[in-house]
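Below is one structure, written out as structure tokens; the observations come after it.
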Amino acid sequence: MPNTSTTTCNPQDGNYRYVAERRQYGGLLLMTGFCAVIQPLARITTAVGPNGPLVTDVGDVAFWQFVGACCVLAIGLCSMLVGFIELLMDRSGEVTQHTLLIGLTQTAWILYIADMTAVGLTMVQDPPQFFLPFPNDTTETSLANQQKLNESTEVIFIGSCGIAGIFSYGFAFIGSIAFMQFALYTFRQGRPHHRDADYFRGRLGVYSSLLFIAGLCQILLGSFATELNLQNGRIQGGLIRVAMFVVHFPYITIVVGVLQFLNGFWGFCRAFYIGVGGRDDNWFQYSMAFLWIVVITFQDVVQISYLPEGMLAPTAPTLAAMSFGIIFMPAYLDYKMRNTPVRMDDNYYFGQVVPSPKDDEKPMLVRAIPNTFGGGSGPMRKVYVMEKPGYYQDDLEDDYFYNADDDDHVVDVVEPGYIPNSPAAHEEVTPAAPEEAPPIEEKTADEPINNAMDDEEAPTNNPNY
């Protein structure tokens with residue numbers, strides 16, 4: 001079931017949660033950025049150098065594939081830099097964030113649009129190049145497989161699967177990076193409450209659908225490959241290569257595709273809270289972890305390692321990096337959907353300083369927090385809070401944070417006459433003291449005036465309090 005909490009989060013954890021989640025997004029941006037660095041390296045290194053087929057004609061799709069690969073590499077390097085700064089230093093420049101989000105990241109589509117165009121051009125070539133024969137293999141079996149694969153109806157079918165695969169893998173790959181970037185951007189703008197359970201739920205459906213499509217493409221390609229001449233489960237004389245799909249063992253391709261198909265369908269159902277057991281229901285995460293192992297082991301390693309003379313060996317790390325986003329994001333979004341409230345109060349991210357155990361019954365003056373999450377630097381107000389005596393975070397159940405009734409655990413003591421969202425709420429005000437102060441004795445003219453302030457007293461009009 002969804003976490004439908006709307007009130008009463010532990011106010012002591014707000015600041016810690018805000019910092020922890022910013023570091024979380026920074027670490028994930030560092031990791032997804034590393035995948036973006038690895039993914040285009042094989043393409044770049046084979047295109048440059050004294051023997052590299054570097055294309056300089058802007059009318060050639062290979063030129064734009066090279067440009068797109070360089071853009072993805074730059075995105076990965078910048079993402080790693082920003083993620084590293086956020087993870088360890090809790091800061092990053094807004095100019096860097098704007099440049100990374102609005103400009104550079106969007107150029108990643110150059111590579112995937114060029115790849116889809118290349119598949120389309122291969123479909124109309126004579127003959128098409130979806131079947132890669134082994135070097136020096138001119139046997140009748142190899143020629144028969146190549147001839148069957150070059151039939152017009154089969155070429156359109158294989159090319160369509162390749163284009164759909166590029167779309168699903170590419171969208172998830174770019175989306176996993178952009179998701180972390182935009183999350184850090186909203187946190188810097190003081191709007192972390194936009195990342196509520198419904199936000200993660202909607203994106204879970206999108207990324208699960210992409211995994212569903214990728215699995216379906218592999219099932220179709222593997223099923224088609226079973227019609228070719230096989231020996232010990234392997235295609236004789238060559239392999240099918242379209243986009244990121246390498247089919248050498250058709251039945252392995254089918255098994256991997258079925259697992260992706262089922263997990264994608266499961267994640268899509270969970271986006272509608274179908275089959276969700278609660279906050280501790282992590283079976284979907286376990287299933288996705290198993291799927292990741294299967295993809296790395298069978299789709300990347302086994303399919304390529306049995307090719308002769310190290311054929312397509314540089315493709316293995318590229319496939320591993322590119323497939324990370326489409327598997328990681330559904331698992332991550334499902335967990336966040338189940339463990340984030342649907343609606344958040346002010347204390348969820350902007351809470352109070354943690355008091356010592358000796359101060360559990362003492363009112364605590366909190367730092368100024370925005371009246372609303374709408375602006376990053378709006379008018380401020382100050383409140384007193386009183387924690388429930390005798391309870392600390394380690395002793396509390398989850399219901400204390402997420403499912404308690406109003407005013408059950410936290411009492412906000414604000415100035416008399418304060419009305420939320422009123423014009424007066426947008427003015428900086430002084431909170432009323434939690435207890436009535438003792439009367440002040442009047443000083444006579446003969447008595448000296450002591451301007452020293454006792455350590456336990458604090459002026460209510462001091463902006464530092």
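For all residues, glycine too, the Cβ spot is worked out from N, Cα and C.
Unlike curated records, TrEMBL annotations are generated automatically.
Cβ atoms under 8 Å from those of the transmembrane segment (25-42) belong to residues 68-70, 72-73, 75-87, 92, 108, 111, 173, 176-177, 180-181, 183-184, 187, 314-315, 317-318, 320-322, 324-325, 332 of the same chain, restricted to positions at least 6 beyond its ends. Look at TrEMBL and you will find 25-42 (among others) tagged as transmembrane segment.
Annotation comment: TrEMBL describes 62-88 (among others) as transmembrane segment.
The annotation transmembrane segment is assigned in TrEMBL to 100-124 (among others).
What TrEMBL records for 155-184 (among others) is transmembrane segment. Sequence-distant neighbours of the transmembrane segment (155-184) (same chain, 6+ residues past either end, Cβ-Cβ under 8 Å): 22, 25-26, 28-29, 32-33, 35-36, 39, 75-76, 79, 82-83, 86, 92, 97, 100-101, 105, 108-109, 111-112, 115-116, 119-120, 122-123, 128, 130, 149, 195, 203, 206-207, 210-211, 213-214, 216-218, 220-221, 224, 240, 242-245, 322-326, 328-329.
Residues 154, 157-158, 161-162, 164-165, 167-169, 171-172, 175, 235, 240, 242, 245, 247, 250-254, 256-268, 270-272, 299, 326-327, 329-330, 333-334, 337 of the same chain lie 6+ residues outside the transmembrane segment (204-226) yet bring a C-beta within less than 8 angstroms of a C-beta in it. As annotated by TrEMBL, transmembrane segment applies to 204-226 (among others).
Among residues of the same chain six or more beyond the transmembrane segment (238-262), those with a C-beta under 8 A of the stretch's C-beta atoms are 115, 119, 122, 130-134, 137, 142, 145-146, 149, 158-159, 161-163, 165-166, 169, 211-212, 214-223, 225-226, 228, 230, 291, 294-295, 298-299, 302-304, 306-307, 312, 315, 318-319, 322-323. According to TrEMBL, the transmembrane segment annotation covers 238-262 (among others).
According to TrEMBL, the feature transmembrane segment maps to 283-306 (among others). Outside the transmembrane segment (283-306), and at least 6 residues removed from its termini, the chain residues within Cβ reach (under 8 Å) are 218, 234, 246-249, 252-253, 255-256, 259-260, 263, 266-267, 270, 277, 312-313, 315-316, 319-320, 323-324, 327-328, 330-331, 334-335.
Residues annotated as transmembrane segment in TrEMBL: 312-333 (among others).
Among the features that TrEMBL reports, region 'Disordered' is placed at 421-465.
Beyond the transmembrane segment (312-333), the same-chain residues lying 6 or more positions past its ends with a Cβ under 8 Å from any Cβ of the stretch are 28, 32, 35-36, 38-43, 45-46, 168-170, 172-177, 179, 200-201, 203-204, 207-208, 210-211, 214, 241, 244, 246, 263-264, 267, 284-285, 288-289, 291-292, 295-296, 299-301, 304.
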